[in-house]
Structures are given as structure tokens and as C-alpha cells.
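These come from Swiss-Prot:
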BINDING   His47, Ser68, Tyr139, Ala140, Asn141, Ser156, His226, Pro227, Glu228, Thr243  iminosuccinate binding site
BINDING   Cys113, Cys200, Cys297  [4Fe-4S] cluster binding site
Amino acid sequence: MSVMFDPDTAIYPFPPKPTPLSIDEKAYYREKIKRLLKERNAVMVAHYYTDPEIQQLAEETGGCISDSLEMARFGAKHPASTLLVAGVRFMGETAKILSPEKTILMPTLQVECSLDLGCPVEEFNAFCDAHPDRTVVVYANTSAAVKARADWVVTSSIAVELIDHLDSLGEKIIWAPDKHLGRYVQKQTGGDILCWQGACIVHDEFKTQALTRLQEEYPDAAILVHPESPQAIVDMADAVGSTSQLIAAAKALPHQRLIVATDRGIFYKMQQAVPDKELLEAPTAGEGATCRSCAHCPWMAMNGLQAIAEALEQEGSNHEVHVDERLRERALVPLNRMLDFAATLRG
């Protein structure tokens, strides 16, 4: 019998915070990046959780700001020969898997994800080997090696629909790596799901008691929650969904005040969508406690202007994403299944 890797006992040392830039330095790097993007026939693909100034730059240069599913779609279809991925490492790997002919650059290759780190491929392979009768579904927040072992890759925006589909076929599921999202999907679908026990270091920190106090302070506010959050937080939500779904919910809900339980990087695009509404961060620190992530992924914060400029300017392995070709071919199969399934949902 396999022994599951225990993410709760793993230590994820946070990267050092980037050195703040002056106003003049920011202006210098912004202009430099714009010039280099044109010179390299490159386009920026940025996640909602990157810092606002990075998202703004992606907008201004014709790039993409989105969740991981749309990032994958956009990068594969865009004619640029180089993709600058502002996000975390698995997003760069996914871009390379889908677009092997393109040069994939990242501000740094040290941008990790606690869900990815919490699902080592050797332990995960052993876990799957112990349950050969189950269909393996892995979240996009995993390494190329873990994706290569999977039958399906999925993002939070289509997780419920996919598991509902597989359940209708009578399939039993291994779900990895996020235990909270897995529990949410199981509750929504009633599927037979065996969960890996990983968690996002941002969403796992949201605290029920502190959120209750904030709700009491603002009783007219709606609560928006990402399903990577603990079940008790999800149970308090007026809307639950992926990043793009939460932005849509912010627009659809009649409330003028919204408490948002996800990475605060989302506030940039959410505030654009609802400029007249007040957005409040859900608390990540309990009574007498301090937060580690404080509602912002420390690795997402590594996607700074200076690092992006260096990635575009410097050639070499410090910034370019590579995926072994045999591994890429194996990981491409479940990724294409995800994209094909998502296309059927869009009609």
C-alpha cells in the first residue's frame, strides 16, 4: 500500500519579497518591456493573481489577463513566437506543452505553487498505482510530470462539470492535489472521489471566525469564495467559483459591497468589472494569529517589472521554460481532453 505524501508536514519556504521600485524605475522598465515585446515578437500572458501593475502592462501591450484555462487557450492561439508567462511555473510548463514551437519565458523559473510542491510525482505515481481502477483527474496546478500520469487535467472553472460527466459514466476518481476543491466538487456532484491532500497556502489561510466578524461588520456584503478555500469558508459564500467566475458573480450580484476570499490580485480586474462596488479582502489571520500569505501568493509577487525586462532581454536557461519531449507528449493528452471538454461547454 502506498503512503501518501503529507503536505501538512512539508515546509514551503517563501521566497524573499522583491525589492520595491521607485516611480522612475517602474516607468523605465515599463517602456523597456514594451519595446522588447515588439522586438521579440512576444506577448504577455498574466494570471489574475499577479500584481496590478503587471496586469495593467499585459492589457496595454495586447496580452491576456485570465485564469489558467484561458491563459492556455490564449497562448496556444496567439501568433506571437514568444510567450512571456507572468504566473507560476506550472503555467509556463502548460504553455510549453501546448505550444512547443514557441519560446516560453518567465520572469523567474523559481515561481512555485504550493499545490504543485505538495504533489511530488514519485509519491503521486505510487498513490495512483495503489488504485488502478480509478480515473486520474489532476488540477492544472501540477507539474508536467504529474499531468503526464493523469487521464484528465482540469481547472476550477470546469471542475464540477467534468466530474459530473465522469460520474455519469460510472467512473471512480482520483483527484489531486487540492483537498478543498476536491471536497467541494464531490459535494456538488456526489461522485466517488479519492482526494490527494494538498492545499493552496493562500486559500487555506482564510479563517471562519474572522470572516464571521467581518460579515457582522458589513451585513449588507455578499461573500465570494474560491473553492480552494476550506469547507467552512465555502459554506458561508453567496457565490463560489473560479477567478473568472467570481468576477462574473461580482457583476451579477446586486450587492454594492463584496467580501472576496481569494488572492487579492483579483481585485484589479474585479474592480474594473464593478467600478462602483466596494471590495473587501476576506481575513487570513485568526484571533491572536498572523497570516503567512496574507491573501497574496508570494511566488506570484515575484513577477516584477525588472524580472520581466530581464527575461525578455537575456537569452538562456534562467528564464526559458523547457519540457522533455516525451513528457510533453504524454502531458498533452489530458490537457487536450480538458480543452476539448471545455469547448463543448462553451457550445
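Glycine too: its Cβ is placed from the backbone N, Cα and C atoms.
Recorded features from Swiss-Prot, shown on the structure.
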{"residue": "His47", "record": "iminosuccinate binding site", "CB count, 10 Å": "27"}
{"residue": "Cys113", "record": "[4Fe-4S] cluster binding site", "CB count, 10 Å": "26"}
{"residue": "Tyr139", "record": "iminosuccinate binding site", "CB count, 10 Å": "29"}
{"residue": "Asn141", "record": "iminosuccinate binding site", "CB count, 10 Å": "28"}
{"residue": "Cys200", "record": "[4Fe-4S] cluster binding site", "CB count, 10 Å": "25"}
{"residue": "His226", "record": "iminosuccinate binding site", "CB count, 10 Å": "28"}
{"residue": "Glu228", "record": "iminosuccinate binding site", "CB count, 10 Å": "28"}
{"residue": "Cys297", "record": "[4Fe-4S] cluster binding site", "CB count, 10 Å": "26"}
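Checked against Cys113 ([4Fe-4S] cluster binding site), the binding-site residues His47, Tyr139, Asn141, His226, Glu228 differ in C-alpha distance, with Asn141 being the nearest.
Each residue contributes its Cα atom, and for His226 (iminosuccinate binding site) and Cys200 ([4Fe-4S] cluster binding site) those atoms are 11 Å apart. In the three-state DSSP scheme, His226 (iminosuccinate binding site) is classed as coil.
According to DSSP, Cys200 ([4Fe-4S] cluster binding site) sits in a coil region rather than a helix or strand. The maximal spread of the iminosuccinate binding site, taken as the longest Cα to Cα distance among His47, Ser68, Tyr139, Ala140, Asn141, Ser156, His226, Pro227, Glu228, Thr243, is 17 Å. When the C-alpha distances from Cys200 ([4Fe-4S] cluster binding site) to the binding-site residues His47, Tyr139, Asn141, Glu228 are tabulated, the minimum falls on Glu228.
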